[in-house]
């Protein structure tokens, strides 16, 4: 006997076969394995072993992995590498130098809160997100858009003449944060993260562009030295603030305006220079230069050296003077006495949650796509809810993910959430040690941080408009303009509400439009296509011929008639789930099909001369793609099939019905299968021949559909059953 080859030797050395493993079980996401045990299999497979559920035990479940999925700090902290520390340290300190002047400006200029509220907010949410957040390099902090909403609500309550005016700004901020965090946590726990797909890019750009204008307009009275005068002219609309600045420009403080203009021009020039150094010369060190922090430090030094306060330039002063309205301390947001305030501000809470979530989603999706992060919208909602809930106990500012700051974080070398933890500790250290040094910081310089962000936002709007224009997206431009104008000329709340209404209407319009098709067979093939597409192709080919322009209608009628004669039946495809939303559109399209034999003709037109509705004897409904069907749609389908069968004497059959047990159960319970199978039986009793042997036919139907003889696996099988040529 010859020696075995290498492959044979490997076969000989295999261990004896072990106990056969059970086959894999696919369970829908909406069902548990426990509920799957009681499910009846749709098909019987005698050649496959039954599933042994006893092998699925709790000891196979990794609880630590499960908990760390919702608390990512348990995953990244034990695996932290020392090699990442230098990059995280540089990124954290760079972020702190950027965040400190920015959040102080957002707090004082937009949110109408003390600067310490912004600083403590940025530090707190960074620590909380490091525990719950799923994107390692995302920077969470106060945002301009939500700060504007806070500020407008606080201003409204302060100038109101009811009992709500007694609440301090920090108390109002705390109550708004309670409602906002509750909305975020609820939507996350209910797995409503899919809502981030509702608002379109044009809608968001319109609202964010308006936010840029609001950010610039809100600083004009400070940068023109008109704070004392503006107190006597409370402005609730942005148009009023712009009008006020234009009408009182002659009363502006000249020295304040000079400091503002020179500082703004210098910072914009430095930012432009940084962009050139990074893009053209690849000088990555430029990203570490903190132009905003440098602006604050230099302006504070010059103000102290030349005593700008004596010239009439307003300075920040003591940021922690202990006054009741500015003192940061513990606030109990669940006090019963604050319930009327909660009812008043809950709408603002919802708007802040909505706007902040979409801002964060923009950042997380961009970072996830570029750096291959697995981002869960539901987990991010919970993380953001936890961050903002922590702010409720001292009246902090609303905080969400910021794409611009996250890019700075990455450019500075960050790779883990430790960078934001270092940023948080740096901010707290600065509050403890360096905050008194900002006494001489001019208020007009501090407000420029917000103005610069507003200018940056507005720079992107013309690019988006040009893009929409280049692709003929005129409807997107109109939506952008509508939301922009509503926000500027009415209110921020109205702009956001209009945007949400437009988004919901567009989604409903798309969802209620059924995708029903008439199928036609490509000549000499077994391929079926949308007949209206074939008509359109035929129409185009005729139009391209100069001599056939006047015969388009005749050609269309002939083509429709030709389809009917070729097929001998009307084949209707329903390629989507049926529900109450698209039910009305489905009925109108079926009516149009009965009248014209096509969906390409407007319902106001007379019937096509070449189409004979009485010639339809068979209707095949292709259900490929109809994966679900609610009760209303089932009833409508039943009534339609019953009318076809009893009134129009048309034999209706179905093919490629979904294996979904809900769909099949409703077909049976409502009696739809009974009508279809009864008509099918009558058809064969009236005609004394069968294309297939009866035993073979019954075997085919019992194995393939298990719904009866009027249900088929394919369109070709249905055509053969009706004795129609399939080629």
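Heads up, the Cβ atoms here are built off N, Cα and C, so glycines get one too.
From the options 285-304, 305-324, 325-344, 345-364, the stretch TrEMBL describes as transmembrane segment is 285-304. Per TrEMBL, the stretch carrying the note transmembrane segment among 477-505, 506-534, 535-563 is 477-505. Note on TrEMBL: of 230-251, 252-273, 450-471, the range annotated with the feature transmembrane segment is 252-273. Note on TrEMBL: of 381-404, 573-596, 597-620, 621-644, the range annotated with the feature transmembrane segment is 381-404. Of the candidate ranges 127-151, 172-194, 252-273, 381-404, 410-431, 127-151 has the most C-beta pairs within less than 8 angstroms of the transmembrane segment (477-505). With Cβ pairs under 8 Å as the measure, the transmembrane segment (127-151) is packed most heavily against 381-404, out of 172-194, 252-273, 285-304, 381-404, 410-431. Among the stretches 172-194, 252-273, 285-304, 410-431, the one making the largest number of Cβ pairs under 8 Å with the transmembrane segment (381-404) is 172-194.
Non-local neighbours of the transmembrane segment (410-431) in the same chain are 72-73, 76, 80, 84-96, 99-100, 116, 119-120, 122-124, 126-127, 129-130, 133, 136-137, 139-140, 284, 287-288, 367, 371; each lies 6+ residues outside the stretch with a CB under 8 Å from one of its CB atoms. Note on the transmembrane segment (252-273): residues 223-226, 286, 289, 291-292, 294-295, 299, 308, 311-314, 442, 444-445, 448, 451-452, 455 of its chain, located 6 or more positions outside it, place their CB under 8 angstroms from a CB of the stretch.
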